[in-house]
Amino acid sequence: MAEMNPAQGHVVFEDVAIYFSQEEWGHLDEAQRLLYRDVMLENLALLSSLGCCHGAEDEEAPLEPGVSVGVSQVMAPKPCLSTQNTQPCETCSSLLKDILRLAEHDGTHPEQGLYTCPAHLHQHQKEQIREKLSRGDGGRPTFVKNHRVHMAGKTFLCSECGKAFSHKHKLSDHQKIHTGERTYKCSKCGILFMERSTLNRHQRTHTGERPYECNECGKAFLCKSHLVRHQTIHSGERPYECSECGKLFMWSSTLITHQRVHTGKRPYGCSECGKFFKCNSNLFRHYRIHTGKRSYGCSECGKFFMERSTLSRHQRVHTGERPYECNECGKFFSLKSVLIQHQRVHTGERPYECSECGKAFLTKSHLICHQTVHTAAKQCSECGKFFRYNSTLLRHQKVHTG
């Protein structure tokens, strides 16, 4: 082994030590702390045998968790550096009082290859630390990364499915999938959620916060996944094809929902009335019928609505906004559904046909009104007069009620 170059200087404990923050230390169990202590003691012993640190001065100093300022404050449990257990020499079987004296004794064996070059010693120390901390004996996990000690092992196991988690709170959130527990309640509408992060995203529907903005069109979204899905609109990509009808979709979730049109599957059931829905969002909207919650209030007239989209449409009454334009005649409409109905004037389309007489209509409401012609006439209970339409009967009855 080459002699040490004086220009390179001594290797000190700080060069090869690994330190914890207070938070990291708190994540280690007793076995992991003892393992860390053993490795640091070996590092110190090797340096002591080279005369690179003063073991006698620090020998009895306790190893405290905290910010390291030297050899005596390695981040480890409180036992003293000097251990009372005898240490056997692997070369000659001699018993030494402690690990420091064993290191000094090892130097008496010329065949022992001591590192006098700081670079060689530093590399040896890193390899030794990796080997110690990554070995599988005793179930000790690997927790060295970037010359610091971290818990990379996932030590919290779900007893139901065996999935492992690195933090206890993540395991707790996961276990709610098995129990169905929903502990996070929205203070505005009362809906319950399994995870706090899901509740936080939901609450943005009440506050109006939309932190994720598309850099193409400026449209903002409640959560990042919605932004990612939206951005495929600009690329035009539709990679998901329905095997039944060949229709293409931008997102796999939309394809899955669409395929329920063919299968008739409605997996989302209301616990209140037993009604089933094709997608979860429809169930959430329906559930508000039972809760009676109307969380979205109009700042102009004070009227409340169950959904933000309904509030947005209502507010056009006050603003006069008509964002939907007919490309045939240039007429504007406040609702897209009204524009679609209007466009049938230009196309001649009449999609709603009477099953009795075959007459077709522009809108479903017109068809329903027409179908009363084929049903029994409506009779006034007061005077016995008959009417074709229920609406006409109701107007007539006001004559009797005043």
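The backbone N, Cα and C atoms fix where each Cβ goes, and this holds for glycine too.
Here is what Swiss-Prot records for this protein:
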| type | residues | note |
| --- | --- | --- |
| DOMAIN | 11-82 | domain 'KRAB' |
| ZN_FING | 87-109 | zinc finger |
| ZN_FING | 156-178 | zinc finger |
| ZN_FING | 184-206 | zinc finger |
| ZN_FING | 212-234 | zinc finger |
| ZN_FING | 240-262 | zinc finger |
| ZN_FING | 268-290 | zinc finger |
| ZN_FING | 296-318 | zinc finger |
| ZN_FING | 324-346 | zinc finger |
| ZN_FING | 352-374 | zinc finger |
| ZN_FING | 378-400 | zinc finger |
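Mapped onto DSSP classes, the zinc finger (156-178) shows 11 helix, 4 strand, 8 coil. Summarised as a single figure, the pLDDT of the zinc finger (352-374) averages 84. Mapped onto DSSP classes, the zinc finger (296-318) shows 11 helix, 4 strand, 8 coil.
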